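Student: Please find one structure pasted underneath; my questions will follow.
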């Protein structure tokens, strides 16, 4: 009997944590958006698996290291324990088409809006005996590329206004999310769990 699960795929910068306008490379630069931890806890309590999916081109640009990005994800996990919750995984893409690098170029298909990171997470769940029910799963982010990635992956999508607020750009490009929320908390409480 298959074990179906629902997953909440979350962009990081501008969705979970404040987007500072430059790359977040240290714990001091990483600040949760108000009520983001509580929102993740509510989704987890409702049975969602939580996966962070983030482009981290700062690695390709030499602004951040792999170690720094992974430390930020460890720090996120530590912060979420304060809300008695956790994440199931963090997937990041280190590449950027304008900054080619032999070590990172193999990852170019993972860069959002491509679905590589979502596909990898789905495959990892499958390897553990779980099938992701995409019709019951969501992708939440603050950019057009997040919405496009979610749509390409067959997920329901939510655009949040906390980061880049690309609501107008979504409309112009006809990449329409299923819901638009002020922040992650409203996305969870006002749409996903309502």
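Just so you know, glycine gets a Cβ as well, placed from its N, Cα and C.
As listed in TrEMBL for this protein:
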- 11-13, 19-23, 54-57, 111-112, 143: substrate binding site (BINDING)
- 11, 13, 142, 143: Mg(2+) binding site (BINDING)
- 11: active site, nucleophile (ACT_SITE)
- 13: active site, proton donor (ACT_SITE)
- 54: site 'Stabilizes the phosphoryl group' (SITE)
- 93, 110: Zn(2+) binding site (BINDING)
- 111: site 'Stabilizes the phosphoryl group' (SITE)
- 112: site 'Stabilizes the phosphoryl group' (SITE)
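Each of the listed features needs to be described in terms of its position in the shown structure.
Tutor: Neighbour count (other Cβ atoms within 10 Å of the Cβ, all protein chains): 24 for residue 143 (substrate binding site).
Of all the Cβ atoms in the protein chains shown, 27 others lie within 10 Å of the Cβ of residue 11 (substrate binding site).
Taking the Cβ of residue 13 (substrate binding site) as reference, residues of its chain lying under 8 Å away and at least six apart in sequence are, in sequence order, 19, 24, 54, 163. Under the DSSP three-state reduction, residue 13 (substrate binding site) is assigned to strand.
The DSSP secondary structure for residue 54 (substrate binding site) is strand.
The Cβ of residue 110 (Zn(2+) binding site) lies under 8 Å from the Cβ of 91, 93, 95, 116, 117, 120, each on the same chain and at least six residues away in sequence.
Secondary structure from DSSP puts residue 111 (substrate binding site) in coil.
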Student: May I have the list of same-chain residues other than 11, 13, 142, 143 whose Cβ is within 8 Å of the Cβ centroid of the recorded Mg(2+) site, in sequence order?
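Tutor: Other same-chain residues near the Mg(2+) site: 12, 14, 15, 19, 54, 141, 146, 160, 163, 164.
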Student: Relative to the Cβ of residue 56 (substrate binding site), which residues of the same chain, six or more apart in sequence, are found under 8 Å away?
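Tutor: Correct list: 23, 64, 69, 92, 93, 94.
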Student: Residue 20 (substrate binding site) has how many other Cβ neighbours within 10 Å of its own Cβ?
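Tutor: Taking all protein chains shown, residue 20 (substrate binding site) has 13 Cβ neighbours within 10 Å.
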